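Trainee: This is the structure, below, for whatever I ask next.
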Amino acid sequence: MFDVIVIGGGHAGVEASAAAARMGKKTLLLTTLIEQIGAASCNPAIGGLAKGHLVKELDAMGGLMGEITDEAGIQFRILNESKGVAVQGSRAQIDMDKYRIIARNKLLKLPNLEISQEQASVLIVENDEVKGVKTNLENTYFAKKVILTTGTFLNGLIHVGENKLQAGRVGELASVNLGNYLQTLGLKMGRLKTGTCPRVDAKSIDFSVLEIQDGDVNPKAFSFRSKNFNPTQLPCYIARTNTTTHEIIKNNFYRAPLFTGQIEGVGPRYCPSIEDKINRFSDKESHHLFIEPQTIDATEYYINGFSTSLPYEVQIQMLRSVKGFEDAKITRFGYAIEYDYIEPTELKHTLELKKIKNLYCAGQINGTTGYEEAAAQGFMAGINASLSIDMKEPLILRRDEAYIGVLIDDLVVKGTKEPYRMFTSRAEFRLLLREENAILRLGKYGYDLGLLSEQDFTYIQNIANNLQKGLEFLLSKEFTPNNQNNAFLESLGEDKISSIVNLQKIVARASFDIEKLKKLDPMFETMDNYSLREILNEAKYYHYISMQKAQVEKMKNLSELKIPENFDFKSVSGLSNEVVEKLNHHKPPTIFAASQISGITPAALDILQIYIKMQKKKA
């Protein structure tokens with residue numbers, strides 16, 4: 001008897017099984033190929049805009065993705081560095097082979113975790129409660145909780161031109177039996193589609209005509225736990241399609257599964273195939289292609305931006321029309337893949353299914369796309385399954401606390417009909433949710449769960465104390481426009497002042513940096529750079545942050561008004577049938593969650609709020 005069974009060893013499965021095992025739960029990970037645990041099926045990169053936030057948040061609570069990325073990374077960059085800190089994003093190119101080896105070894109070394117190379121075929125469900133799993137090897141395993149992290153494997157169908165192949169990934173069997181079984185449970189399900197790009201033999205690329213894209217000179221680690229971070233970095237390159245490339249693609253639209261009706265699943269809006277781009281943006285004469293090394297040996301390159309399901313011979317023809325790729329040899333062809341997913345409105349915020357007790361879902365099965373989105377969900381599913389076994393309150397992150405909270409709330413409340421990916425624009429309180437303050441926002445959760453060490457948490461507390469002291473000093477210290485103070489400002493290269501201001505207003509200037517901050521008071525000279533960066537950020541955006549915090553307080557009032565789990569919305573007089581139907585379907589846990597449901601009017605919220613408050617007074 002296991003406490004937790006995790007089905008699938010991708011990024012969601014890695015985090016789910018690791019979290020459960022590290023929280024002391026006897027855990028079993030079932031995966032089709034142990035060699036492919038933590039495999040990066042698509043591009044060789046972790047992070048990016050908003051995705052980097054997810055990785056930092058995972059790391060802040062004790063997740064694995066940040067540490068593995070730092071160990072396997074071969075190029076590190078901060079995207080949007082010229083823009084505000086709220087929308088900057090960390091991104092790393094990874095050695096794909098090294099990444100999965102590290103992930104696999106981390107799991108194999110964990111106490112409480114067993115791994116078995118088997119494919120789950122059927123779930124054991126009794127009275128709408130999952131009890132265990134049967135596998136293709138006819139083994140039966142019982143567990144208190146089961147977490148589905150099946151990725152693209154549920155009835156996975158690969159498309160290349162007119163050819164179709166049942167697979168979860170090239171060379172790996174699709175999960176047909178489990179996919180068909182889930183259809184019998186009365187869950188709302190659908191089909192989605194994603195795709196991948198060709199990989200090219202490095203020897204066949206003329207790099208001399210490509211634009212070089214180097215990593216940052218002073219790269220920053222993803223994990224706050226990474227020590228002596230000094231990675232070997234490789235360049236990426238930029239190529240461009242041209243009108244010849246576009247003509248080749250247009251002339252073969254009739255062979256594209258995307259346009260022939262062969263593919264039924266909805267693809268990712270923000271990561272379209274090259275044929276979709278040429279069709280949708282027919283006026284553009286060129287599209288960027290990012291040429292990314294797959295490993296530190298750089299023997300193969302991933303052609304990012306060239307995702308396609310066109311026939312093999314067309315892929316060769318269109319790639320060779322690109323400058324620098326005239327003699328290109330494709331080692332692995334691009335393809336599209338369709339797969340089953342469960343509509344995420346079927347889930348609670350804990351990622352447990354509403355209809356099947358003790359059954360959790362994470363990753364692409366919930367309609368998301370991306371390694372980082374999957375890892376975040378897997379981590380939270382592993383935590384909440386473990387907390388439920390211990391009969392403890394679940395960990396549900398609010399939208400103002402974490403991008404992970406935004407991700408899960410969007411899925412559960414709004415649902416999705418297309419592959420969902422995270423953007424900074426999805427977060428209402430993004431100034432509060434910066435990458436660098438993730439440890440300050442979420443570190444205590446990781447520590448309380450036993451996923452962060454005492455040493456890690458002490459480090460976080462020191463930064464929090466420095467931030468509090470530094471900000472209080474800047475807000476309380478007045479600067480008068482006398483000769484001495486103005487001479488000091490001039491020595492820093494700053495403009496003089498003509499009226500009394502506090503130091504926060506001076507530090508908020510765009511030209512004010514860490515070196516200048518250190519000269520304001522000896523206290524700052526003793527602080528580490530992490531603390532100083534956060535003091536600087538908080539000072540620069542102080543008024544905007546204060547406004548967002550005021551908005552959060554309003555939201556918290558609605559979030560704290562909980563709706564009983566089995567609440568009958570029909571019992572509330574004054575609600576329309578449409579509103580009752582939507583509320584009964586979504587089963588929002590709070591008034592705030594109800595406010596996020598499309599079609600729920602302010603008047604309906606007022607009625608519901610008054611009714612629940614009255615019921616609580618009676619109780």
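Numbers here mean position along the shown chain, with the first residue as 1.
In case you wondered, yes, glycine gets a Cβ from its N, Cα and C as well.
Quick paste from Swiss-Prot:
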{"type": "BINDING", "residues": "Gly8, Gly9, Gly10, His11, Ala12, Gly13", "note": "FAD binding site"}
{"type": "BINDING", "residues": "267-281", "note": "NAD(+) binding site"}
Trainee: Show me the subset of Gly10, His11, Gly13 whose Cα is within 10 Å of Glu275 (NAD(+) binding site); these are the binding-site residues I mean.
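Mentor: Qualifying among Gly10, His11, Gly13: none.
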Trainee: So which other residues, same chain and not among Gly8, Gly9, Gly10, His11, Ala12, Gly13, have a Cβ within 8 Å of the centroid of the Cβ atoms at the FAD site?
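Mentor: After dropping the recorded site residues, what remains is Val6, Val14, Glu15, Ala16, Thr31, Ile37, Gly38, Thr149, Gly151, Gly363, Ala374, Gly378.
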Trainee: How many Å separate the Cα atoms of Gly267 (NAD(+) binding site) and His11 (FAD binding site)?
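Mentor: So the alpha carbons of Gly267 (NAD(+) binding site) and His11 (FAD binding site) sit roughly 20 Å from each other.
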Trainee: If one measures from the C-alpha of Ala12 (FAD binding site) to the C-alpha of Cys271 (NAD(+) binding site), what distance in angstrom results, rounded to a whole number?
Mentor: 20
Trainee: Nearest to Cys271 (NAD(+) binding site) in three-dimensional space, by Cα, is which of the binding-site residues Gly8, Gly9, His11, Gly13?
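Mentor: In terms of Cα distance, Cys271 (NAD(+) binding site) lies closest to His11.
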Trainee: Considering Cα atoms only, can you say which of Gly8, His11, Gly13 is the nearest neighbour of Asn279 (NAD(+) binding site) among these binding-site residues?
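Mentor: Out of the listed candidates, the nearest Cα belongs to His11.
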Trainee: Could you tell me the C-alpha distance between Arg269 (NAD(+) binding site) and His11 (FAD binding site) in angstrom, no decimals?
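Mentor: One finds 22 Å between the Cα atoms of these residues.
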Trainee: Is His11 (FAD binding site) helix, strand or coil when read with DSSP?
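Mentor: DSSP assigns His11 (FAD binding site) to helix.
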Trainee: Give the three-state DSSP assignment (helix, strand or coil) for Lys277 (NAD(+) binding site).
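Mentor: Where Lys277 (NAD(+) binding site) sits, the three-state DSSP reduction gives helix.
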Trainee: Roughly how many angstrom lie between the C-alpha atoms of Gly13 (FAD binding site) and Ser273 (NAD(+) binding site)?
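Mentor: Distance (Cα to Cα, whole Å): 27 Å.
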Trainee: Write down the Cα-Cα distance for Gly10 (FAD binding site) and Ser273 (NAD(+) binding site), rounded and given in Å.
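Mentor: Gly10 (FAD binding site) has its Cα 23 Å from the Cα of Ser273 (NAD(+) binding site).
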Trainee: Specify the count of other C-beta atoms within 10 Å of the C-beta of Gly8 (FAD binding site).
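Mentor: Looking across every protein chain shown, the total is 33.
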Trainee: Would you mind pulling the DSSP three-state label for Cys271 (NAD(+) binding site)?
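Mentor: Its secondary structure by DSSP: coil.
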